[in-house]
Amino acid sequence: MANVHVINHPLVQHKLTIIRDKNTGTKAFRELVDEVATLMAYEITRDMELEDIQVETPLQTTTAKTLTGKKLGVVPILRAGLGMQDGILKLIPAAKVGHVGLYRDHDTLEPVEYFVKLPSDVEERLFIVVDPMLATGGSAIMAIDCLKKRGARNMKFMCLVAAPEGVKALQEAHPDVEIYVAGLDEKLDENGYIRPGLGDAGDRLFGTK
């Protein structure tokens, strides 16, 4: 699939397996989601631009590399996306954080927006939009719509697991947005849940039902 990157690193896949396990408790689930987000952030920033600068080491002056180009932003889709936020910030502590609040209507399966708060300089940033699951694609599409309406021009989407239906929908709605996923799953079931999936990420992160 164009613009879809499946992160097959052994550590990512090992941790994702434990995340999927129904016997993994809330504390371990939360810690593992955080760890996988950090590992995926390493991959998602692989194409960031560098420039040469002069640095004084204790022994001499040398030419070294430093990040340049777009400033970064992280936008978790509330509430489950919060579980991935800090893992990314460990690698990119200077990134600004915005939030998009959406919930899925369990009857229509459509997302409903209830909160949006973004940095003021959205047009200058590359945003990493995060949500543990990409099911129908509705929430991701609406979140990216929200950013674009407010001036954002550069975005990537990161999730732990995705259904092919959601990937297709997001690609069709926003072909300019690259998708990074740890596990590309089999399908959506008749209730709109990813199979095999990992259950309800929000409930498992926060210990709710």
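Note: Cβ is positioned from N, Cα and C throughout, glycine not excepted.
Database features, via Swiss-Prot:
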- Arg79, Arg104, Asp131, Pro132, Met133, Leu134, Ala135, Thr136, Gly137, Gly138, Ser139, Asp200: 5-phospho-alpha-D-ribose 1-diphosphate binding site (BINDING)
- Ile194, Gly199, Asp200, Ala201: uracil binding site (BINDING)
*So which binding-site residues out of Arg79, Asp131, Met133, Ala135, Gly137, Ser139 end up within 10 angstroms of Ile194 (uracil binding site), measuring C-alpha to C-alpha?*
Met133, Ala135
*Determine, to the nearest whole angstrom, how far the Cα atom of Asp131 (5-phospho-alpha-D-ribose 1-diphosphate binding site) is from the Cα atom of Ala201 (uracil binding site).*
9
*Within 10 Å of the Cβ of Gly137 (5-phospho-alpha-D-ribose 1-diphosphate binding site), how many other Cβ atoms are there?*
24
*DSSP three-state assignment for Ser139 (5-phospho-alpha-D-ribose 1-diphosphate binding site)*: helix
*Taking the Cβ of Met133 (5-phospho-alpha-D-ribose 1-diphosphate binding site) as reference, which residues of that chain separated by at least 6 in sequence fall under 8 Å from it?*
Ala80, Cys159, Leu160, Val161, Ala162, Ile194, Gly197, Leu198, Ala201
*Where Arg79 (5-phospho-alpha-D-ribose 1-diphosphate binding site) and Gly199 (uracil binding site) are concerned, what is their Cα separation in Å, rounded?*
15
*Among all the protein chains here, how many other CB atoms are within 10 A of the CB of Ala135 (5-phospho-alpha-D-ribose 1-diphosphate binding site)?*
24
_Structural state of Ile194 (uracil binding site), classified by DSSP into three states_ = strand
*Once Ile194, Gly199, Asp200, Ala201 are set aside, which residues in the chain still have Cβ within 8 Å of the Cβ centroid of the uracil site?*
Pro132, Met133, Tyr193, Gly197, Leu198, Gly202, Asp203, Arg204
*Compared by Cα position, which of the binding-site residues Ala135, Gly137, Ser139 is the closest one to Asp200 (uracil binding site)?*
Ala135
*Have a look at the binding-site residues Ala135, Gly137, Ser139 and say which one has the shortest Cα distance to Gly199 (uracil binding site).*
Ala135
_CB contacts for Ser139 (5-phospho-alpha-D-ribose 1-diphosphate binding site) [other CB atoms within 10 A, all chains]_ = 27
*Measure from the Cβ of Asp131 (5-phospho-alpha-D-ribose 1-diphosphate binding site) and count the other Cβ atoms within 10 Å, all protein chains considered.*
28
*Assigned element (helix, strand, coil) containing Ala201 (uracil binding site), judged by DSSP*: helix
